[in-house]
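Report on the structure given below.
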Amino acid sequence: MVGLTSTISSIRQSAAPCFSAAGSGAILFPFKISNSGLNRTRASSNDAQSIANTGGSNEFREPSFAEFITSERVKVVAMLALALVLCNADRVVMSVAIVPLSISRGWRQAFGGIVQSSFLWGYLISPIAGGTLVDHYGGKVVMAWGVALWSLATLLTPWAAETSLLALLAMRMLLGIAEGVALPCMNNMIARWFPQTERSRAVGLAMAGFQLGSAIGLTLSPIIMSQGGMYGPFVIFGLSGFLWVLVWVSATASTPDRSSQISMHELRYILNSSSVPSLSKNQPKTRQAIPPFRRLLSKLPTWSLIIANAMHSWGFFVILSWMPIYFRTLYNVDLRQAAWFSAVPWSMMALVGYFAGVLSDMMIQSGISVTLTRKIMQSIGFIGPGLALIGLTKARTPYTASAWLTVAVGLKAFSHCGFLVNLQEIAPQFSGVLHGMSNTGGTLAAIVGTVGAGFFVELMGSFKGFLLLTAYLYFSAALFWNVFSTGERVNFDETA
């Protein structure tokens, strides 16, 4: 017992200085060993000392695929993926429900676009504040509150719709406010749990859940509506969110060193590989209450992220919100068929996103610079969809249109290995608030695109012109990204 106590004390004293997490500054975490984790204390004090001393060296071998897929960090990213499934499923239910809702209320297409965009009004408010909360309190706590709140908003949407239009718009806004923290939380947790060489893969896995949420919401909603009425999907998806919160709070930890489930080998691998490599142990230990917005906005790499997020969101929400209506009006298919045609592309995006992450990690491991890797990934993620949308304007059948749309949405997944991972690289200490800032730009673009598409179609009588405009914006955003983005850490201590 004396030897065991000595070992625990030695590990704590040796390893504590080297643990830091993504936050507003360098936050030191103690090496905690819970009672349930005493079996891991057999490692000698020399093991803990080696963690502290090796820093970012690659002393440990890369884990095999079997070790990776069964690791504690993959369990964490799997839970994040499930949260993002619910996140997108909850928001796309309205894309299907808006059709019978508009018919029953006598709404025009333009007004239907306003109702759908009310989600984005709330989404515009929360990302910066949510990102700041994530940087201060960590992704676990903020994600739990976010999922609980957006599940409540989803569950109460049927009541709001039957009460008044104002109540419906307010509930959709609440959904947007709560969901604004989802992606900053995901970025924060991945930065803490994954080395840089695995980070694209982790983002690919998490975002696969995000895209599957679109597919699940679009395909299951018509089926549930046919059995349980127009409001059935809101109830089912809302209750599922509360179940997720219970599992998340009880089964995950905010950082690897606080997990009672992680093995000593995996913990040493993560810390030795520096899960937040850009944070220096010698950084000041201060935390700013207010992020340095002026300094963040003074750098062109920040603007490349904002513009990339804006274009990604424009395309994402226009396709997500309008494609069921597009297939129904242009090809005269029923609501269930329209939902299926619209869902197939999101399933492809989930699949492509993971393989894009693996490819991105392999490029970096092979010696290609992070900057070049991010530029290649983002170029595919913008130029590819732009070309596919031009092809979509030539489609004559719903099957051809769905094929072009699948190519467009599938290639968009490469953006996850571009700007979305880049947030953690240029400013790891501000990744949450930076994600919030870029999300705000993206939300503004999404509002303009979602509402503008409705008015554009009413004025022009066709989706074709709007699709061509979107393609042009994709090409312009790709050019800006390739000129001004970087994969290196940016010094935000000095203004440009």
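For all residues, glycine too, the Cβ spot is worked out from N, Cα and C.
According to TrEMBL, the protein has these features:
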type	residues	note
TRANSMEM	76-98	transmembrane segment
DOMAIN	76-488	domain 'Major facilitator superfamily (MFS) profile'
TRANSMEM	110-134	transmembrane segment
TRANSMEM	141-161	transmembrane segment
TRANSMEM	167-190	transmembrane segment
TRANSMEM	202-224	transmembrane segment
TRANSMEM	230-251	transmembrane segment
TRANSMEM	303-323	transmembrane segment
TRANSMEM	343-364	transmembrane segment
TRANSMEM	376-395	transmembrane segment
TRANSMEM	401-421	transmembrane segment
TRANSMEM	433-457	transmembrane segment
TRANSMEM	463-484	transmembrane segment
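The transmembrane segment (167-190) and the transmembrane segment (376-395) are not in contact, since fewer than 3 Cβ pairs between them lie under 8 Å (pairs 6 or more apart in sequence).
Recorded stretches compared: 110-134, 202-224, 433-457; the one with the most Cβ pairs under 8 Å to the transmembrane segment (76-98) is 202-224. 433-457 is the stretch from 141-161, 202-224, 230-251, 401-421, 433-457 with the greatest number of Cβ pairs below 8 Å to the transmembrane segment (303-323). Packing against the transmembrane segment (401-421) from elsewhere in the chain are residues 183, 187, 199-200, 203-204, 207, 211, 304-305, 308-309, 312, 315-316, 319, 323, 327, 330-331, 341-342, 344-346, 348-353, 356-357, 359-360, 373-375, 377-382, 384-385, 388-389, 391-392, 395, 438, 481, 485: each is 6 or more residues past its ends and has a CB under 8 Å from a CB in it.
With pairs at least 6 apart in sequence, the transmembrane segment (110-134) and the transmembrane segment (433-457) have 3 or more Cβ pairs within the 8 Å limit; the two touch.
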